[in-house]
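Enquirer: Dropping a structure here in structure tokens format, bear with me for questions.
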Amino acid sequence: MALNKLKNIPSLTNSSHSSINGIASNAANSKPSGADTDDIDENDESGQSILLNIISQLKPGCDLSRITLPTFILEKKSMLERITNQLQFPDVLLEAHSNKDGLQRFVKVVAWYLAGWHIGPRAVKKPLNPILGEHFTAYWDLPNKQQAFYIAEQTSHHPPESAYFYMIPESNIRVDGVVVPKSKFLGNSSAAMMEGLTVLQFLDIKDANGKPEKYTLSQPNVYARGILFGKMRIELGDHMVIMGPKYQVDIEFKTKGFISGTYDAIEGTIKDYDGKEYYQISGKWNDIMYIKDLREKSSKKTVLFDTHQHFPLAPKVRPLEEQGEYESRRLWKKVTDALAVRDHEVATEEKFQIENRQRELAKKRAEDGVEFHSKLFRRAEPGEDLDYYIYKHIPEGTDKHEEQIRSILETAPILPGQTFTEKFSIPAYKKHGIQKN
């Protein structure tokens with residue numbers, strides 16, 4: 001479903017839409033030798049000394065969202081783009097959708113949602129915090145000749161909240177979600193307490209009430225260990241809950257204890273809502289995950305998902321020259337270019353310029369009594385699961401794929417060659433209201 005879908009899409013040319021310089025060590029500023037800098041652990045003794053100087057002034061449990069951290073721990077992508085890590089195994093999602101058995105469909109949904117957590121930098125890096133109004137779009141050309149589309153926007157800055165939409169129209173699959181990371185300092189660790197939620201719908205499969213089959217999926221918390229002393233590493237911890245029409249699972253992401261235990265282990269049991277147990281989930285979220293049928297005493301565990309045998313399908317993004325100034329890759333380009341060559345002095349200065357401009361805009365809005373309104377996502381209405389949803393009405397019906405694709409592409413430029421329409425800058429709530437009237 002490629003670019004010929006653009007023929008009748010209305011479009012106009014896009015008209016536009018205290019610093020820490022010098023903190024990085026000479027080692028951190030040295031040029032890379034072919035390696036991806038996201039995979040280089042730059043938090044050596046010098047880096048830990050810098051972090052210690054910053055964090056020694058904090059109390060355990062305090063909010064880190066307003067603390068400026070050194071750029072050597074930053075990944076070269078925004079959180080809005082990093083969310084797509086969870087969407088890079090569409091083959092597993094398509095398998096789930098095509099399964100006719102409700103229990104096996106749930107099992108495949110669990111496998112799909114677990115599949116993406118291992119994708120990320122090899123070193124401990126955090127994504128760039130999106131600025132208010134920042135947006136990111138992407139698409140996938142799938143092996144089955146269909147396309148998937150993704151739209152995300154930063155709808156709140158304090159607290160940070162990212163809203164996103166993903167759809168494979170021709171397979172009747174839709175995903176909506178919000179990511180709400182609340183950062184805390186925990187001594188030798190920092191934590192991102194993930195309070196967001198994902199909602200997956202199979203639009204052509206109806207539940208007992210005649211509505212699209214729906215799954216709600218929470219997120220494990222993310223811990224950066226060893227930020228002051230010892231070796232830094234990422235751990236996922238606590239619980240991830242997946243709830244479907246008939247089945248549910250609470251998967252515990254186990255964190256290693258001081259004396260015993262192992263890293264990266266998961267454990268959970270798939271049950272129905274009467275408490276009957278069906279399957280046990282085990283293994284490691286960044287290695288091999290297993291499933292065992294609890295209904296058969298002689299059952300042995302089998303592979304649910306092997307991260308070494310499945311390869312992620314990365315999203316495609318429009319060329320930089322076609323992007324608006326608030327699109328993630330264009331917005332952060334000078335920062336990510338500097339990070340790519342480990343020039344942390346330039347990265348810090350460029351990041352400061354972007355964030356300082358946002359502070360000035362926020363101050364001006366406060367002085368003028370003007371409220372910020374997102375352009376792509378509208379606030380939820382009573383009874384909805386999430387805080388925000390894409391403003392655009394996506395036509396319902398399994399025979400309306402052409403109209404669905406058109407609606408998605410009218411929301412924001414996604415495919416190469418698309419340009420911004422005059423309506424783009426109108427607040428989402430107004431565009432949503434016009435649709436309803």
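Including glycine, each Cβ sits where the backbone N, Cα and C put it.
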Enquirer: Looking at the ranges 3-22, 23-42, which is given as region 'Disordered' in Swiss-Prot?
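Expert: My reading of Swiss-Prot: the region 'Disordered' range is 23-42.
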Enquirer: According to Swiss-Prot, which residue out of Lys145, Lys256, Lys276 bears the annotation ubiquitin cross-link?
Expert: Lys276
Enquirer: I'm trying to understand the geometry here, so how far is the Cα atom of Ser183 (1,2-diacyl-sn-glycero-3-phospho-L-serine binding site) from the Cα atom of Lys276 (ubiquitin cross-link), in Å to the nearest whole number?
Expert: 37
Enquirer: Of Leu69, Asn129, Lys276, the recorded positions given in the record, which has the fewest other CB atoms within 10 A of its CB?
Expert: Lys276
Enquirer: What three-state secondary structure does DSSP assign to Ser183 (1,2-diacyl-sn-glycero-3-phospho-L-serine binding site)?
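Expert: The three-state answer is strand.
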